[in-house]
Structures are given as C-alpha cells and as structure tokens.
Amino acid sequence: MTIQTANLGFPRIGRHRELKFALEAYWSGKADRASLLDAAKRLRAENWRLQREKGIDVIPSNDFSLYDQVLDTAVMVGAVPAAYGWTGGPVDLDTYFAMARGATGAGAACGHAHHGGGHGVPALEMTKWFDTNYHYLVPELSADLTFALTENRPLEAFLEARALGIHTRPVLLGPVTFLKLGKTRDGSDPLALLDRLLPVYARILRELSEAGADWVQVDEPALVLDLSGAERDALRRAYAGLAQAAPGLRLLVATYFGRLGDNLDTALSLPVAGLHVDLVRAPDELDAVVAKAPDGLLLSLGVIDGRNVWRADLAALARRLAPAIARRGAGKLQIAPSCSLLHVPIDTALETALDDELRSWLAFATQKLEEIALLGRHAGGDGDGLAAADGAVGARLTSVRVHDPLVQGRLAALDGAAQRRHAPFAERQAIQHRRFGLPLFPTTTIGSFPQTADVRKARAMHQRGELSYADYKAFLERETAATVRWQEAIGLDVLVHGEFERNDMVQYFGEQLSGFAFTKHAWVQSYGSRCVRPPVIYGDVSRPNPMTLEWWAYAQSLTEKPVKGMLTGPVTILNWSFVRDDLPRETACRQIALAIRDEVLDLEKAGAAMIQIDEAALREGLPLRRADWRRYLDWAVECFRICAGGVDDATQIHTHMCYSEFNDIIEAIAAMDADVISIETSRSKMELLDAFTGHGYPNEIGPGVYDIHSPRIPEAGEMHALVRLARERLEDGQLWVNPDCGLKTRRWEEVKPALVNMVEAARRLRGDALAGTVTA
Ligand SMILES: Nc1nc2c(c(=O)[nH]1)N[C@@H](CNc1ccc(C(=O)N[C@@H](CCC(=O)N[C@@H](CCC(=O)N[C@@H](CCC(=O)O)C(=O)O)C(=O)O)C(=O)O)cc1)CN2
Ligand SMILES: [Zn+2]
C-alpha cells in the first residue's frame, strides 16, 4: 500500500551556502540585483527538482526566502513601517533589506551588519523562531495599520515551479501566527487586526486557485502554544473566512514544534481540508488525532524528524502507522517531516570527512526526503521491506562508540555537593572584592572581538593544510596579544583574550569533546546570511584534554589585569547542537556539565581568577508550554551549578545571556548563583532590569550599554545615561559596565571608538558616585 508523501519546506541556503554568498556579494556592492535574484532562482529550481527526484508527491513552493519568511509575509501584506519610506506598490529589494538589516542614511544597505543601521533606519527587531536557533524579524504593527497586497509572491513561486513542470503546494505563514509573532508599537492587541488582514489572505488564495493551485499549506505553529480563548476564537474566525475564499481550493493547516494538547479540538474543528501534526514532538497524539479527526480531513503525519539528524527507524514507524492507516484509509493520510526541513543541514554526502559508520547513522534534509518516500511506499505493511534500511539505527543504539562506562559512572556518582559553592554570595563577594580591588562600575566585554576576514581566512587556510599549526597559532597569538594590549591601553578593568581561535562558541567546544561529531558543510541558517554548523552529539560526552587553557594562559601572561576564562555553558552547547535521541536531554546536559566543570577547575588551577560560563541559550531553550518550564529550568540550573560548583570562593564566576527576557524566569537566574551576570539591555532602555529589581536580585549584574547588533557607535553620554537608569534600579556595588554581547560580528572601526566611549562613561559614573549626585 502506498501513501502520498509531502514536504513542508526545504533549506534555502544552498548545498554550498550559495544564498549566503550571493546576499553578501549584493550587500557589499560586488554583485547586482540581477545576479542575486538569479542565484535565488537557481536554488529554488534545484530544490524543487531534488524533491521530485526523491519521490516526494507534494512539493512546497514559497518556502524560499531571501532573508526570512516572516519578513516576507509582512512585506507581502504591506506591513512596512513608515520609517522605511515605502509609498505603496511592490516593496523593492533595498527596502526589504533595510527592514532586515537596517540602512545607512544614503539609503544603501550597510556593511556586514545584519541588524541596526547607523543614522539611517534601524532594522526590525529580531528574535527566536519558537524554540529553534533560527531568528525571524518581528513584524511591526499598529492599530491604524491598513493591510494591502503588495505582491503575490506565493503565486509567483507557484508559477515559477509550474514553468519547470512541477506542480507545488504553496506555503503561507498563517494569519493568526503572523499576528501573534508581531508587536504593536502602541501596545494594542495584534489580533485585533485580524479582520483587516483576512481579505489580503483571501485574495492571495483566490489568485492561487485561479492559477491552478489545488492545495495550500498554511502554517499555524501558534497552535502548539498556550492559547487564550480569544486566540482560539481568532483561529476559528480566520479559517471560517479563508475556507470560503476560493471555491475548490483546499487548505492544509500545518502545526509543528509540539503537541496540540488543549488546542487539539480547536485544530480539528477548523473548517479546512487538511491538518499537519508533529508526531516527533508529540508521538502520543497520533491516536487522539486519528480518533477525533472528522472523516473527510486529510491528516499529514509528521513522523520524520525535521529538527534532528538521525536516521529514522522506518520499520518501527510503519508498524506504528499501520492502525491509523487501517482506520482512516491510505487516501486520507500523508507522510511528512515533522516540520520544515529548514532546521537541518542539506546532505550527508558532503561529509566525506566523517567515518562511514557515523555517516550511516545520519539523515540530513536530502536523506529525510528519501526516508519519507520509502515510508510512503511501504506504510501499512509489516515493515519487512524497510528492515534493511534500518540496520544503521540498531547499530547506533548498541555501538560501543556511544557508551562510555566512565562517563556513566561519574554521572551516577553525582550528588548535590557538586553543585554547591562553599560560601553564600555575600561572603564570596566580600572575598572577591578584596582580591580584585576593582573600581565601582568595573568595565569588561563579553568575550569575542571582531572575527575579521583575515582571522577566518587564516583558519580556512590552516584547515586546507596551507598554513601549518605553528603558523596559525602564531597568527592567533599576535591577534590575541594586540587585543589584550589594546584593552589595557584604553583602560578596561577586566580583559578577555578575544576568542580568535574559535569558529563558533558551540562548534569550537564540540570539536574538542568526545561523544561529539562535527561536520564540514552541514550549515543551518541562523538568520539572514548567517549560519551555524551545530555539532552532533552521538555518544557519552567527556573532555579528553583542556580546551581553552592555553589561550587563556597566553593572554593572562601578557597582563597584570584579570583575563576572564571564557567557556560556553552546557545548556547552550546542548541547545545549539543536534542531540542524541536515545538519552533524555537532561542526561546529555549533565554529561556536558561535567566536562565543562573539568575545564573550569583546570582554568582555576592554572590561575584564572574569573571564569565566564556563557548560557546564551538558556532562556531560549525554555519549552513552548508553560507547564513544561519548571522541569527544564530545574535541570538547566543544576547543570550550570555543576560547572561552577567546584571553585574556590575567591574565584569569580561570570555568566552571560543575550536576547533574553527574564521576568518569567528570574528565580531560576538567581538560583544559578553566578557572581556576575551580563545581559542584553541597551535596546530596552534598562527596562529588562525591572525583573532583577522586583525580585531583589542580590548578585552583580552587567546590563549591556552598547547595542552590538548595530554598526552605530554609541556616545559616552548615552551609555552614561543608560547606567544612570540602571542605578535607579540596582545598587552601585552591583553594577558592571559592558556591551550587550560579544563583538565578533562587528568591525574594529566600530568596536574601538565604542569601547573607548564605554570606558569614559564608567569614569563619569565613578565621578557621579563620589559626588553623590545620583541617589542610589
Ligand atoms: N551556534 C551559535 N548560535 C547562535 C550564536 C552563535 O554565536 N553561535 N549567536 C546568536 C546569533 N546567531 C549567529 C549565528 C551565526 C553567526 C556567524 O557569524 N556565523 C558565521 C559562521 C561562523 C563560523 O562557523 N565560521 C567558521 C567558518 C567560516 C567560513 O565560512 N569560512 C569559509 C572560508 C573563509 C575564507 O576562506 O576566507 C568557508 O568555510 O567557506 C570559521 O570562522 O572558521 C557566518 O555565517 O558567516 C553569528 C550569530 C544566536 N545563535
Ligand atoms: Zn551574547
């Protein structure tokens, strides 16, 4: 028995990151508009052909984007804020990129900044797409916004595919999720705009139908979130309207990233022709969905994991699906990935440096298409035809490479003591203040300094064997030394080594830990043209050798000032890696925590007096449903404490978090008990600090005063004013002065004057404090 197969979306960056290079060439003025659009068109064609070749019956279109699909939707419906100077009609490319990345006064796209735009227009705010490491641009809405169709992009994509002989199912971001992801400047409810938005969607659907589309995929991942009654009503109202938009056109509502849970009845009651469910995140929902779905509803079963890289156990899946098929009939079902394949790399075949065994365990987007096709052909059977394909799955679970008795023993012996610093914070603080003798408002940075083209080039040459390790190391030492001297010269109080040796704050550690595999070409889009290669955790994790020690020691040897040891924390490493599916996440995280603890203790032994453990992704890893928060936060905080718990009271533990909102989780942040936390606050004008004030947060805090996502250089006066706002909320003795985040994506020309100004701001603050001019 065969079942129809479908895909929800394919990575758009390109096998060799063609889109990244085309975008960056365009932004830098090295290539023109036509060559960018041409590169994009070639990528779309390549993706459609691949999906057809692999045997996918239902192929998506309009899953491509030059920058971000949420931005595309905003632009399509005319949600372009006045600041961008758009006056109607199709939104041109430079306005589009100005919304994505900001623009300088001349109206040209700015340097390599992704975000923020000097004197011209700032970019839209950017934030995490659900619980992924993909970032979308936040639609800026207002109560008086009138929507208008600027250009029917889904229609263009549909016609483009048809010209290649491929009949596609266009993808739209659903109106309710779109509004829910947006923000209104006036604080009004974005969903109040729904009735004005629906006619635009209706017109898009009508035009698609007239052009010959028979199905449209409408993504409503909001259905896996905690929804209010009003939000559920909005969904019902939206689809009651859209279902009437075009006679004969069928809508499939796609949900993903979690269980429907208490939204299941709402989802099943929408007057649409199809519903997609994520059966990887919510395997237990299959029975309920099948039992409750109205007879005529097409169910798209998301059984191939769109968020992870492991080969699926197809025989087991076929067996699991058999009862559903028997009950509903193959004609009313589709086999699909759990979500768009945007979040996985493109093809394992490029990973020629991985050993064959490991590679045989992996499925990237291309292999997932094959899995979907295979399952579609054999579903409903006894799985016999699939047994051969699954050899790799069994081999992985039992492989000796995966299991390390030493790690397991260490984990079993772990008790609460590992997590406890000796003295409470107040006592540690006194000891540390005596040890360091820092001034009030000590200045520091978050870790990385500019990753210039030269630094990346040297690393690439070293990897290709064109630069010896000795020469590469000497090069990095020169960069590090120059950066340490410069920090000293401008009068920063606490220095960093600059992270020049790191390709990425997660991958760098993944490459040195046992139990991790790393890839050469397995890029995944993070935002716009920026990509990451998430390491793959396949086995028990340990740290065979120190990972950062020599870089820290080298930097510290050059100065009397404290240089922070710089580590990425276990929760962030976990959240930004592909993780094992044969072990609970929290267990994998504890293993990483023990490895980082080893590094912390080695750094301390070598003399590091301050050690920063970055947990940039701790807040972002928060489960989508509030009911799941407590459990996650408990083990996430425990893991951080395992890293930090072994050090002396005189050793100062720092942590850093960015893009974070803390109100909901401030108690967990306090429970981490880092001596100093640096956070992103400059754009929110210190409002973020209210969370810390309201709860009487006792430890030290460095609220970011320099928005590193923008090429703009802040004045000393502005930063001084920001810290004055912070002083209204916190004690002087608690406050540090630092940027929002690392400086790796910035240029030296921006960083140098900005940090000089930051040091000047701290000097003025010390003057204020002496003069007692500001009440604390
Ligand atoms: N993992 C992760 N997630 C994160 C962040 C982060 O820093 N890391 N920050 C937040 C924002 N996300 C970000 C994601 C990526 C980048 C970023 O800068 N990515 C770089 C790649 C970084 C990298 O891995 N660099 C490698 C490889 C560089 C490269 O492309 N080399 C060329 C060759 C270059 C040459 O020959 O000159 C090649 O391989 O083709 C290196 O430096 O070694 C990019 O897309 O350009 C920044 C922020 C949230 N999530
Ligand atoms: Zn950061």
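Just so it is clear, glycine is given a Cβ too, placed from its N, Cα and C backbone atoms.
A TrEMBL annotation is a machine prediction, not a hand-curated record.
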Among E499, E501, E661 - the residue TrEMBL places in the same L-methionine site as I446, G447, S448, D614: E499
Record-annotated Zn(2+) site (TrEMBL): member among E638, E680, E760 besides H656, C658, C741: E680
Listed co-binder of 5-methyltetrahydropteroyltri-L-glutamate (same site as R17, E18, L19, K20, R530, C531, W576, E620, source TrEMBL) among K128, K180, K744, K752: K128
Of the recorded positions listed as E499, H656, H709, the one whose CA lies nearest the CA of L19 (5-methyltetrahydropteroyltri-L-glutamate binding site): H709
Among C531, E620, H656, C658, which are recorded as binding-site residues, the nearest neighbour of D614 (L-methionine binding site) by Cα: H656
Number of other Cβ atoms within 10 Å of the Cβ of E499 (L-methionine binding site) across all protein chains: 25
Rounded distance in angstrom between the Cα atoms of C741 (Zn(2+) binding site) and G447 (L-methionine binding site): 8
C658 (Zn(2+) binding site) - helix vs strand vs coil (DSSP): coil
Shortest C-alpha distance to R17 (5-methyltetrahydropteroyltri-L-glutamate binding site) - which of the binding-site residues I446, C658, E680: C658
Sparsest-packed among the binding-site residues, when each Cβ's other Cβ atoms within 10 Å are tallied, from L19, C531, C658, C741: C531
Of R17, G447, D614, C658, C741, binding-site residues neighbouring ligand 2, Cβ under 6 A: C658, C741
Distance in Å spanning the most remote Cα pair of R17, E18, L19, K20, K128, R530, C531, W576, E620, given for 5-methyltetrahydropteroyltri-L-glutamate: 29
